[in-house]
């Protein structure tokens, strides 16, 4: 029962000082994180035109969530986002893994190469999007000019064609992110014990065999970490879509975050935007839980 003893005056002062130290962070969490989350949940059950102030707020229950799945634009956004996620995440991780494996060897100018691949990630997405819009310009752009020189007749329309706009964004995303994930995976590879490679050499394993059977299992916790953050990042895609395609052509590149933005700041329907936000949150949470369950089968600590 000593734990519940009455505190002395000096102990009470020390306790109050501790609370005062954490108060700024606590207020920040409440005002910047907790309050917006709760307010967004409340808004999800309302129809609110923010231009009319709080007088324009009308409680509609589950109507926003019911209407969502009957909305063609939302269904397109959900489908596009899932396709974007299930394409960019594996492609980016595989390429990052290969690059990290190469740079983990005795490579000339390793530091320069590493910096070159990491450079896009620390660049402004606005600048990156503008550059890629020029590169993939359908009429006379560098990429299509090269394809034409190689004899390709039906040149891709890229961001102006509904069939090629999403592949163009996927290529941009893979190029932009793989350097970042490469750095993380490379750091993991450098912590794999050399004794494991020496044992593999004694068994006669080649470079590829060592990579598959020693390196990959050795960095499986790092791969799992990259998988989680890559999945979350894939649902946060917005800047390049807003700059290049505006969700078009049609709904070809509309994703969930852009649909939230369009509902909130074009149509001033904050209730619907909040409902989509919660669908997005639950979707990301579900995918994260699924990944966490299945990681027990392939991640070794």
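Note: Cβ is positioned from N, Cα and C throughout, glycine not excepted.
Record note: among 115-135, 136-156, 115-135 is the stretch given as transmembrane segment by TrEMBL. Here the transmembrane segment (20-45) sits against the transmembrane segment (275-294); at least 3 CB pairs are under 8 Å, leaving out pairs fewer than 6 apart in sequence.
Relative to the transmembrane segment (115-135), the listed stretch 164-187 leads the set 82-103, 164-187, 211-232, 275-294 in CB pairs under 8 A. Comparing 82-103, 211-232, 275-294 for CB pairs under 8 angstroms to the transmembrane segment (164-187), the maximum falls on 82-103.
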